[in-house]
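For reference, the structure is listed below as structure tokens.
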Amino acid sequence: MGWGSRCCCPGRLDLLCVLALLWGCLLPVCRTRVYTNHWAVKIAGGFPEADRIASKYGFINIGQIGALKDYYHFHHSRTIKRSVLSSRGTHSFISMEPKVEWIQQQVVKKRTKRDYDLSRTQSTYFNDPKWPSMWYMHCSDNTHPCQSDMNIEGAWKRGYTGKNIVVTILDDGIERTHPDLMQNYDALASCDVNGNDLDPMPRYDASNENKHGTRCAGEVAATANNSHCTVGIAFNAKIGGVRMLDGDVTDMVEAKSVSFNPQHVHIYSASWGPDDDGKTVDGPAPLTRQAFENGVRMGRRGLGSVFVWASGNGGRSKDHCSCDGYTNSIYTISISSTAESGKKPWYLEECSSTLATTYSSGESYDKKIITTDLRQRCTDNHTGTSASAPMAAGIIALALEANPFLTWRDVQHVIVRTSRAGHLNANDWKTNAAGFKVSHLYGFGLMDAEAMVMEAEKWTTVPQQHACVESTDRQIKTIRPNSAIRSIYKALGCSDNANHYVKYLEHVVVRITITHPRRGDLAIYLTSPSGTRSQLLANSSDS
Ligand SMILES: *[C@@H]1O[C@H](CO)[C@@H](O)[C@H](O)[C@H]1NC(C)=O
Ligand SMILES: *[C@@H]1O[C@H](CO)[C@@H](O)[C@H](O)[C@H]1NC(C)=O
Ligand SMILES: *[C@@H]1O[C@H](CO)[C@@H](O)[C@H](O)[C@H]1NC(C)=O
Ligand SMILES: [Ca+2]
Ligand SMILES: [Ca+2]
């Protein structure tokens with residue numbers, strides 16, 4: 001079964017495991033497909049040719065899909081909007097057109113926002129009313145200090161506040177008229193994929209369902225010292241929003257979003273993903289996979305787009321973030337959360353692809369995240385890994401201001417070198433052969449903004465990436481109940497290649513196909529030559 005495919009016969013799991021000096025995994029899902037009346041089509045020959053073919057078969061050509069050349073978004077208004085059957089009318093003969101290289105009717109993907117419902121003195125003087133209570137920005141001077149500081153003020157004091165850095169939030173919109181956002185709002189970093197226009201304003205309803213993007217945006221770039229609301233971590237950065245979660249999420253919608261204006265946007269922050277239910281295995285389908293690859297290769301004039309991702313909120317369902325192909329990708333920076341106390345939050349998902357951690361909510365008595373809210377308000381109860389990813393995006397913006405020439409891989413290296421275990425509570429901290437402390441809960445630890453800007457200032461770009469690809473004999477092996485297969489595969493690190501053997505390991509991507517009815521019965525480990533053991537998939541008794 002193909003990896004992008006979401007249909008699922010009982011019992012077949014496809015694993016694609018990724019590890020970034022660390023590790024992770026994914027697999028697809030058992031669910032009925034729901035087809036939309038949108039198609040992604042690849043047509044060579046430019047826009048006029050695409051238009052001609054669209055009208056010949058009764059489609060409307062909505063335009064190129066994000067930055068993907070030759071890929072177009074076609075709409076067919078006479079097809080029903082959501083159907084469990086793929087469309088079969090005369091329009092389906094379009095696939096026979098010689099110029100049509102590839103076509104795919106878009107299916108609805110379930111994507112869940114990563115917050116959850118909840119019903120001092122300081123050294124920098126800002127007149128914003130919420131500043132004194134923004135504990136994670138100046139935690140060392142609180143009456144109840146958190147014991148590790150992300151040193152954001154330290155980065156500010158070195159002159160970095162996000163100037164000339166552009167961040168966009170891929171979510172349910174951004175309230176661009178919010179008094180704390182309008183000054184830094186960047187229309188060029190914003191669009192509305194759901195409404196197919198340029199205005200990312202959220203849709204308002206009684207329950208404020210679409211508050212999530214506006215909350216994330218304020219964490220990054222709320223204006224400082226304007227007597228209003230809060231202070232963003234990169235309060236002089238430009239901030240935009242891509243409205244893409246308020247509608248059917250398809251591969252095409254995701255691809256348009258992650259490839260939106262890649263020569264202008266530097267950092268994309270996403271706090272959503274597949275269901276965190278402990279059973280799902282899902283990840284980017286072909287267009288989005290290609291959009292990620294194009295982003296790191298060509299975005300930011302070849303330095304690579306920076307994609308920051310929330311690691312997931314499925315802790316209570318024993319979800320494992322390796323089963324989420326977005327957080328798990330080597331192209332994304334996957335961010336976990338810790339509570340004020342340094343304790344593991346109840347929603348935290350463990351896995352080896354997590355790179356680092358920022359503060360967020362914890363138990364009900366722990367402080368939460370303070371940020372801008374829908375309807376020009378502020379909130380002091382933003383929560384979950386949703387709150388952690390934008391915080392990381394803001395810190396990365398400070399580092400990119402300190403050194404705008406960091407590549408997407410440099411950014412990951414700088415994070416690994418500067419994050420700290422601090423007081424973060426986990427029973428699996430270990431020091432790997434490269435000398436870094438690492439945990440499946442927190443990656444390389446709590447991010448440190450001041451250390452990051454200092455490291456960025458003096459950073460030399462890492463050497464070119466080399467890929468060493470090895471495969472097994474594809475022999476079928478059976479796992480007997482309550483037993484393990486040891487040493488399924490022993491990698492050689494391309495040791496037979498004099499030029500390209502592995503000297504320094506950056507990422508590992510593991511693809512495994514397993515047929516089994518229940519994800520929770522399985523555990524997969526990867527052990528490094530020096531003995532660092534990474535769990536690629538955790539077994540659990542209840543999923
Ligand atoms: C969360 O914050 C908002 C805005 O401040 C407030 O209206 C809401 O009542 C708060 N919810 C809880 C559960 O505290
Ligand atoms: C904020 O504005 C006040 C005036 O309202 C000023 O005294 C203070 O120095 C400013 N703070 C910073 C950090 O610029
Ligand atoms: C995972 O499997 C191991 C070995 O069978 C077992 O000891 C452990 O309790 C399991 N963990 C969970 C969470 O079920
Ligand atoms: Ca403010
Ligand atoms: Ca998850």
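Going from the start of the chain as shown, residues are counted 1 onward.
Glycine residues also receive a Cβ, built from the backbone N, Cα and C atoms like all the rest.
The following features are taken from TrEMBL:
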ACT_SITE  ASP171  active site, charge relay system
ACT_SITE  HIS212  active site, charge relay system
ACT_SITE  SER386  active site, charge relay system
DOMAIN    461-543  domain 'P/Homo B'
SIGNAL    1-32  signal peptide
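Annotated features taken from TrEMBL, shown on the structure.
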{"residue": "ASP171", "record": "active site, charge relay system", "Cβ neighbours (10 Å)": "30"}
{"residue": "HIS212", "record": "active site, charge relay system", "Cβ neighbours (10 Å)": "25"}
{"residue": "SER386", "record": "active site, charge relay system", "Cβ neighbours (10 Å)": "29"}
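Rounded to a whole number, the distance between the Cα atoms of HIS212 (active site, charge relay system) and ASP171 (active site, charge relay system) is 7 Å. According to DSSP, HIS212 (active site, charge relay system) is assigned to a helical segment. A strand conformation is recorded for ASP171 (active site, charge relay system) in the three-state DSSP classification.
For the domain 'P/Homo B' (461-543), the predicted model reports an average pLDDT of 87. Taking the C-alpha positions, the distance from HIS212 (active site, charge relay system) to SER386 (active site, charge relay system) comes to 8 Å.
Residue counts for the domain 'P/Homo B' (461-543) under DSSP, helix first, then strand, then coil, are 3 helix, 17 strand, 63 coil.
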